[in-house]
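Report on the structure given below.
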Amino acid sequence: MHRFANPARFLRLAKVILPWSNAVAALCLGAGLYFALLGSPADYQQGESVRIMYVHVPSAWMGMFCYVAMAVFSAMALIWKHPLADLLAKATAPVGAAFTFLCLLTGSLWGKPMWGTWWAWDARLTSMLILLFLYFGYMALVNAFDDPERGHKAAAILALVGAVNVPVIKWSVDWWNTLHQPASVVKMGGPAIDSSMLVPLLLMAVGFKAYWISILILRGRAEIAAQKVRIIRMAQIHAAAQGE
Amino acid sequence: MNRFFEVVRRDLRLALRQGSDSVMVVTFFVLTVVLFPFGIGPEANVLERVSAGVLMVTALLASMLSLDRLFQADYEDGSLELLVLTPAPLGMVVAAKMLAHWLTTGLPLMAAAPVLAVLLHMHEDGFLTLLAAMALGTPVLSLVGGIGAALVLGARRGGVLLSLLILPLYVPVLIFGVGAIDAAVQGMSAKPHLLILAAMLAAALVLAPWASAAALRQALE
């Protein structure tokens, strides 16, 4: 892990990974969308609207996964002062927020025909909404300081504090009697859905993860470049001040 | 332990001599609650239904508005750096400041709440539970809010930012506080809700001063 604290090494590794993650994302999302929209049967209860699930469920997984990743990066940054972990945590936040929003949006589009309502205040939905606000808080805090270093540190602590929400989301359907159905893919005794539906679901999930890796690399690169620009500018100002 | 009470005494003395802070918090609480009968109409049954929620939400907002004085003034005049430099563990100093904050905001809010509950026609079965829920809930607000107050030190537009950071974390207190009062009014046991509030207080009591101390160290680095 500490090997990759060196930005140059990270950039070299990123160059190798990026084409692969792009290809995996494109292939999995393409195949997943084909199976989700055309190549899978309609549900006997939900009809065609079950197809929303192929976006909704992986988005929800990603929303939580990105938060956990952000919290782990933040912990790494605070404990080992790992310089890249800060940047990666910051790069993950908008992706996680976008997926969380997508999850809430597709959920309400599905909820209208199925539950007869766009929104219900049950534990799963509410805790997911709080997750979205935690992402917003993180992103606001990271950018609230003149010194970017200070923003990273403060936001890292916030990410760790907010991590208490993740297990609450995960088990909210078991702890409370919710409108949202309990877990059916990851549970004891194997998944409770048919393989014709499981395959597109997993393809979409893998595609989303690969997409996240690509975005992480691109944003990480951009952050490193921005830091270089900042340092060069500072050096120029310093040189100009010396010359006078 | 002496140092702990020394910091509590110092903060209380500052709050009392500077005067109006606690009064302002309670005034905000009373005024906002009084707005609701104008907003939703004076029917007793409607007010009774929403009374628990209105009281908890406004208490939460009042507590949040007073958070900036937890560290901000000390940060600006430099005394926070001296507090960090004292030989006492920083977590303990922070816990003392949070206790002082609760004594000057949470406690007055608790005192004002039953009077306002009468104004909102809350059923009298709910009064004791209201006090219990606030006694367990408002310290959590001071503890968790302290983390936010420490995080936004030196930030641009710290006040608005603080509410964005802290309000999502306040939601559990609100849910279980109102849940307890509603259960008591409907003749059910409020105990499970109160126990969860107590568990949150126990967890926050241990973790919040520690997280807040970490945030203060970053702010003063």
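We number each residue from 1, going along the chain as drawn.
Any Cβ shown, glycine's included, is placed from N, Cα and C.
Here's what TrEMBL has on this protein:
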| type | residues | note |
| --- | --- | --- |
| DOMAIN | A:19-180 | domain 'Cytochrome c assembly protein' |
| TRANSMEM | A:20-40 | transmembrane segment |
| TRANSMEM | A:60-80 | transmembrane segment |
| TRANSMEM | A:87-111 | transmembrane segment |
| TRANSMEM | A:123-142 | transmembrane segment |
| TRANSMEM | A:154-173 | transmembrane segment |
| TRANSMEM | A:197-218 | transmembrane segment |
Stretch-level contact, the transmembrane segment (A:197-218) and the transmembrane segment (A:60-80), CB cutoff 8 A, at least 3 pairs: yes
Proximity verdict for the transmembrane segment (A:123-142) and the transmembrane segment (A:60-80), three or more C-beta pairs under 8 Å: yes
For the domain 'Cytochrome c assembly protein' (A:19-180), the mean pLDDT of the predicted model: 87
